[in-house]
Every structure is written in structure tokens, then in C-alpha cells.
Amino acid sequence: PFCFFFSRSSAKLIAPLGCLVSRQKHTLPDLPYDYGALEPHINAEIMQLHHSKHHATYVNNLNVAEEKYKEALAKGDVTAQVSLQPALKFNGGGHINHTIFWTNLSPNGGGEPKGELMEAIKRDFGSFASFKEKLTAVSVGVQGSGWGWLGYNKEQGRLQIAACANQDPLQGTTGLIPLLGIDVWEHAYYLQYKNVRPDYLKAIWNVINWENVSSRYATCKK
């Protein structure tokens, strides 16, 4: 999606912000593993519903909201633009969060991170055990639905733990760059763990993809 304009000196191709002439629709990303690959820690039924139903709904609703927003922009209808903000935040956040979440998990996951990420965890939290305890506690403590996050504070050059309500995206609401997200909506665990969120959080550490988290850390430090 580009906008074309020709200057007197030369022909230029630019893509200015707000150019919504031909917007590409968001699509549901494929999982990098089978629905049953994370068993016994997260069962296949949960993964199938979570990915093919819940995430797909966020993607569909985001596309609808963006289309309506495009129309409101074209009409100069500021009231409609403002009224669409909650839908954009909720569904856009849901799409962003889950796209990160699937890559944060792996059937070959678990254990502890290595290298620079492990050094940073020890520096900022004292030890891996302390970090794990703190992120688990923050995630257990989310009231209702939301996410527990390990993020990177670029300004301070350190790791931070944060919780976000509902589908609020970490970077858009706190400024922290997301490295590891733990979904604590009931749809992420209820079919297997019922209302015992701590059991789900204990199990999920067995499938955390530390290679992915480390790669995200290396990228955001550049």
C-alpha cells in the first residue's frame, strides 16, 4: 500500500502515514507447531480453540474496525474515529499479543535461558528463580482477564515485569518492548485447569521458548 506523487525534480514513491488507499488485511498467523505439540502442559483442545477461534476473531474484528476507521477518515468524521478506538485497541491488542504468545511457546521449550538474556535476568531480578516467581505472581494477580509480561525498558536499558488488563498491548500502553507474554484469560487454560490459574502458570514454564525470548531481547537492544 503506497501513495504516489511526483515532484518537479524527480519522481518519488512514498508511503506516508495515514495513506489508507489500499490497506492489506491482517491474517491469522500459522502456529509453528501442531495443536497437540504442547501437551501435557497445554492440551490440543485449548490450543485449537485459542488459535483458530479466539485469535481468528480478533483478526476479523480488527479488519472490520480498520475498514470502518478508513471510511470515517475519508469522511472527516472525528466522532466515528473516536468511537472506534476501543475496538481497535482491543482487537489490535489481541492480534499483537497472541502473535507474540505463539512464538513464545515451543514443544522443545522449558528450562532456563542462556547468554545475554540470562545475565540480564540475574542483573535485574537477582536470579532466574526470583524472576520466575515475580512474573508468576504478577500473572496470578491479574484481576479478571489480562496478561503478564516480561518487557524491555529501552530508555533505562533494563528488563521489567508488568501486567496488562484485557488485550491492552504492552508497548502501546506502557512503552515496554514485549519479550515474553503469558496469557491469563480463562480461554487460555480453563478447559484443562478449570479456575486454578496457578496450576496453569506452573505448567507453562515447561514450554517457554527461551530461544525466541532471547532473540527478541537481542533485537530490541540494537
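Glycine too: its Cβ is placed from the backbone N, Cα and C atoms.
The domain 'Manganese/iron superoxide dismutase N-terminal' annotation in TrEMBL covers 25-106. Residues or ranges marked as Mn(2+) binding site in TrEMBL: H50, H98, D183, H187. The domain 'Manganese/iron superoxide dismutase C-terminal' feature in TrEMBL is assigned to 113-216.
Taking the centre of the Cβ atoms of H50, H98, D183, H187 as the Mn(2+) site, the nearby residues of that chain (Cβ within 8 Å, site residues left out) are H51, H54, H55, F101, W185, A188. If you average pLDDT over the domain 'Manganese/iron superoxide dismutase N-terminal' (25-106) in this model, you get 97. Under DSSP, the residues of the domain 'Manganese/iron superoxide dismutase N-terminal' (25-106) split into helix, strand and coil as follows: 58 helix, 1 strand, 23 coil. The Cβ of H187 (Mn(2+) binding site) lies under 8 Å from the Cβ of I46, L49, H50, H54, each of which sits 6+ residues away along the same chain. Using DSSP to sort the residues of the domain 'Manganese/iron superoxide dismutase C-terminal' (113-216) gives these counts of helix, strand and coil: 54 helix, 24 strand, 26 coil. Counting Cβ atoms from all protein chains shown, H50 (Mn(2+) binding site) has 23 others lying within 10 Å of its own Cβ.
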